[in-house]
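See below for the structure under consideration.
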Amino acid sequence: MEKTLSIIKPDAVKKGVIGKILDRFESNGLRIAAMKKVQLSKEQAENFYAVHKERPFFKDLVEFMISGPVVVSVLEGEGAVLKNRDLMGATNPKEAKAGTIRADFAESIDANAVHGSDSLENAKIEIEFFFKPNEIC
């Protein structure tokens, strides 16, 4: 069964919409195989988003991701990566389709409520970043 990583970002955690977002996953056929709430350190955020290190938004992204706790989940299901990305909506909430997580809960392109793996390969890497094998069930 395909797995993907989801992060509910600090803006959505602060708004108290964790349950609403998790319900979107479950009601659309994604099973929560692992989940934890964590406060990322600066080093963890920099390592997780290292692929963006040379991008102009990197510093702001890291600062945002350490501004409060996040909820990290492993989602499992048929076509989990694509299904999660469809549920999230466009990166910029202004461009996200009505009914998507970002259209409903995100504030801006920076505070955009959720992160989701963009490929099966990255999902594997991202899941291993946050979870040990025995934490996924």
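Cβ from N, Cα, C; glycine included.
Under the heading ATP binding site, Swiss-Prot lists LYS9, PHE57, ARG85, THR91, ARG102, ASN112. Residues or ranges marked as active site, pros-phosphohistidine intermediate by Swiss-Prot: HIS115.
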Cβ distance under 8 Å to LYS9 (ATP binding site), same chain, sequence separation 6 or more: which residues?
PHE64, MET65, VAL70, ALA111, ASN112, ALA113, VAL114, HIS115
According to DSSP, does ASN112 (ATP binding site) sit in a helix, a strand, or coil?
coil
Which listed residue (ARG85, ARG102, HIS115) has most other Cβ within 10 Å, given these are recorded positions:
ARG102
Taking each of the binding-site residues THR91, ASN112 in turn and counting other Cβ atoms within 10 Å of its Cβ, which one has the fewest?
THR91
What's the number of neighbouring CB atoms sitting within 10 A of the CB on PHE57 (ATP binding site)?
12
Please state whether DSSP places ARG85 (ATP binding site) in a helix, a strand or coil.
helix
